[in-house]
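To keep things clear, I will list the structure first and then write my remarks on it.
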Amino acid sequence: MDPVVKKPSPGGVQHRVTKGLRAIVGHACRHPIHTLLVTALTAATTHLHVLEGTYQAAHRGLAPWAKETPLNVQSFLCGSRTVTLGEASAWRWQIDDRPKVSEDGQSDFHWALVTLDLPGASVDASIPFLSNTLSEFLGAEQITPTPDSSPSPDHSALTFRVPYSQLDGFLQAVEIIPSEKEDDSWRLRSPREEGSPTSLGHWVGSSWLSFLHRVKHAETVDLVIIGLSYLAMNMTVVSLFRVMRQLGSRFWLATSVLLSGAFAFVLGLGITTTCDVPVDMLLLFEGIPYLVLTVGFEKPIQLTRAVLCVSEELRGGWQRPVPNGASSDDSRQSQLIPNIIQLAVDREGWYIVRSYLLEIGALALGAVLRPNDSLGHFCFLAAWTLLIDAILLFTFYATILCVKLEITRIRSPGGLGQVNAKHPSGIFGHKVKSTNITWWKLLTVGGFVLCHFLQLSPFFYRVMGEYMANGTLPPTAVSPFKEAANGLNEIYLTARVEGFETRVTVLPPLQYALESAGFNISATKRSTFDGVLDGLESPLGRLCLMGALVVSLVLNNHLIHAARWHAWPQARESAVPDGSSLSVPCSATAPEVCTRPPEETEALLKSNQAESLTDDELVELCLRGKIAGYSLEKTLERIAAGSSCSVTRLDAFTRAVRIRRAAVSKTPSTQNLCSGLAESLLPYRDYNYELVHGACCENVVGYLPLPLGVAGPMVIDGQALFIPMATTEGVLVASASRGCKAINAGGGATTMLKGDGMTRGPCLRFPSAQRAAEAQRWVESPLGHEVLAAAFNATSRFARLQTLTVAQAGIYLYIRFRTTTGDAMGMNMISKGVEKALEAMAAEGGFPDMHTVTLSGNFCSDKKSAAINWIGGRGKSVIAEATIPAETVRQVLKTDVDALVELNTAKNLVGSAMAGSLGGFNAHASNLVQAVFLATGQDPAQNVESSSCITTMKNIDGNLHIAVSMPSMEVGTIGGGTILEAQGAMLDLLGVRGAHATEPGANARRLARIVAAAVLAGELSTCAALAAGHLVNAHMQHNRSAGATVKK
């Protein structure tokens, strides 16, 4: 069933808007690479256009120091303030920027306070020149500068009191100031006049200095408010990443939202500057956080949620049978990713557009009401930015979602993310009604405009003079009582004593640039950027860029189509032909998109209502310790049992393995090493974990495929068999096969079973050595043996106690129980019998003071090479022999009988004795034992004692007689790894699977004989290779890469 989409009424505004959005989104998503490329190129071109406009102005020689025209005093007066002092103001300074002329037509005593801002740490060498020359020529007088009057700590300030009528001449005189170095000088940077262009470096430099100046003279509360606004904006960005992470994207979707917003701002700025609307950089700096907080990122999140919800619903519909009368192709067509995004636009497109229209309308109203104000200009820019952002949301960002879903479909066909329809979307994870969202945004935008209209904060909305024509920062109105306090104090004292009414104009600090021999440093810095632009504008640069563009377009377009070709065949393979139903587990395999809060998932788990928990939620519960990693199988088995869906026990166990892999990959303490486990090449699917659970392995994360070969056939006791061998060592199976061939030529191998009894040796402690000796005598007595055997044999119908071997060490007593175990290897069986026998010994033997230290005291001796096993045997004691004709030795084994006999004596017997070997009188019996053990599901660790072997060879009548004696072969055909399907199949290959129908233990004994025969074949072939000198060549051919050839 297709997802239900609430369609607008035909002919209405909503219907027409939705229809238009569908067409736009469909076209963009069907050509994703083209859409992304066009958007990026448009934004980049606009950015370069704005950037290049400011740069080329400087490149054409319009920098202030490049002009030859006289200085314009009025340009330096921009941002100045005039204060008056006289009887009218009760001899207090009063700001009065209006021109004032005395009755006789002469101006009152009018001074100008000029501060020279010189870059550099020392200006002492220039002070004599300035103070002497200027005072004689112009009557200018140097006064003490006000502390912190320079905007930068590495600048120095000089303050002069100049008659206002001589200000023009003063500025001409101080245009160039010599430095302490002969070749260096400071050159005055005159401010731009209205309509004149500026350079990028000058714009950035002046903006930075002005920013420092404003920060230094701003109120603390203003700085705190701005800091809090930027902190809140950053929190909004962090919240965007958090929500997108909950939706299944850790980085790219949130980054794409920010990139789309940046593109919208650049394009909006380009349109604003094209319309000759000045951009107040200070107000832009202050207003962007409020714009981000007001608009937020809810609309991209809303569209993302809708797309993922529709995708999940269609994914569920794909797995359901096609209804009667419906076309399967139509069902598949509805799941094309562009159609998925169109269905999402049908759901949420109108509401997103309506929200955009409300915000743009509010900003447009602000631009209309304040056309000549900085607030109006900012509203103009913000309105265009939002309009372009809306266009990019349904083109650029929709294309990003399309590519994201395509990639997800490639990685996991049919699993593009799940959405829980029972949990509606909200603002950053909180449930909020859509009407509340609209009213809240409207009120926020209205409050934002109202706050700017009332100009509540003097720092935010301070009038800063006339605007620069190209939208750079306007000059700042100085604060005379902060920047010229010392100069005003000196003038105040003089005026008060003489009694003259005085006017003082405080100019903004004059900025200087340090030059060396007429060479300006800033010009050098700009030349690098100039070279880049010139290189890009050259024919070769344009050709390279165009070629890279074409190649990128073709390759990316091909990759997108290849992704679609890759996804659809897999989807068609999973479809059910002829309308038949498909059984799908209710627990989805894809990660949850609309995730629930942790408290809700924990409550579902505790209340046994966890059937709706998704894989991601279960992984998070594991990482938080709410589900133990080892109990995932039990948890999911319980969930499956209580689920209404037909989830089998095997499905639950397989899901447990998948979740454990993800949990291990995301464990913080090991993530740097294990993060790739979930997607690694370690397989986990298509395995019967029901057989593994509770029997073979815990904390399962998959299974290891091991190469399996067969040696033979080999005639063993008159029956021909292929011997399965699982190994990663080359030559081993080939060598054993050669040994089988040689043995078959002599009539095959003959085996003998010399003993069958598994052992367990507990350790007992007594109060004294005397009591331990008494216990030993009791155990070795007929009564003790009878009591222990009766208790032991009662625990199993196969376990029958054979012998008891006792050893004492001080107060410790060791009893070695030896017993038959049927077709099982018998470790668990004998442990249970020993436990019951010891209880009978304490109760009936009169040893209540006996204490069982451990059930296994290493007197067994299990999984360790020991003389007691070599001499007394453990498990099955087997001998295998064969006679190989001399001709076969020469033809097949490529050696002779005497050479083999001598090698065996010198290597396997004398050599092992020289090494002090214990049970290691063989060439490589362990190789064959381990390979057969792995293939047939035996305990690999018991290869230690099972491979104890002595190989003997003798020349009898010119033929070779070979035998292997293995006193402690520990094998079984039931229990342990033999229950696994693959290992059981190999036991079937040998005809020994499970328990023998009529003779308990016959299958296990038969398997021991086969292992001994395999060892016999391996020993024969390897010793022959050593005698003939072929071992190294064989390994280089079968187990090594080819050696490097040497040039002649």
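Cβ atoms are placed via backbone N, Cα and C, with glycine included.
Features as listed in Swiss-Prot:
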type	residues	note
TOPO_DOM	1-32	topological domain 'Cytoplasmic'
DOMAIN	222-403	domain 'SSD'
TOPO_DOM	242-250	topological domain 'Cytoplasmic'
TOPO_DOM	298-348	topological domain 'Cytoplasmic'
TOPO_DOM	399-439	topological domain 'Cytoplasmic'
TOPO_DOM	564-1048	topological domain 'Cytoplasmic'
ACT_SITE	GLU729	active site, charge relay system
BINDING	SER796, ARG797, PHE798, ASP823, ALA824, MET825, GLY826, MET827, ASN828, MET829, ILE830, SER831, ASN1039, ARG1040	NADP(+) binding site
ACT_SITE	LYS863	active site, charge relay system
ACT_SITE	ASP939	active site, charge relay system
ACT_SITE	HIS1035	active site, proton donor
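Sequence features annotated in Swiss-Prot and their locations in the structure.
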| residue | record | Cβ neighbours (10 Å) |
| --- | --- | --- |
| GLU729 | active site, charge relay system | 16 |
| SER796 | NADP(+) binding site | 20 |
| PHE798 | NADP(+) binding site | 17 |
| ALA824 | NADP(+) binding site | 24 |
| GLY826 | NADP(+) binding site | 26 |
| ASN828 | NADP(+) binding site | 13 |
| ILE830 | NADP(+) binding site | 27 |
| LYS863 | active site, charge relay system | 17 |
| ASP939 | active site, charge relay system | 18 |
Should ALA824 (NADP(+) binding site) be counted as helix, strand, or coil on the basis of DSSP?
strand
Measure from the Cα of GLU729 (active site, charge relay system) to the Cα of every one of the binding-site residues SER796, GLY826, ASN828, ILE830, then give the nearest.
GLY826
Need the DSSP three-state call for LYS863 (active site, charge relay system) to compare against my parser.
coil
List the Cα distance (Å, whole number) between PHE798 (NADP(+) binding site) and ASP939 (active site, charge relay system).
20
Mind checking how the topological domain 'Cytoplasmic' (242-250) divides into helix, strand and coil residues in DSSP?
5 helix, 0 strand, 4 coil
About how far apart, in whole Å, are the alpha carbons (Cα) of ASP939 (active site, charge relay system) and LYS863 (active site, charge relay system)?
10
For LYS863 (active site, charge relay system) and ALA824 (NADP(+) binding site), determine the Cα separation and express it in whole Å.
17
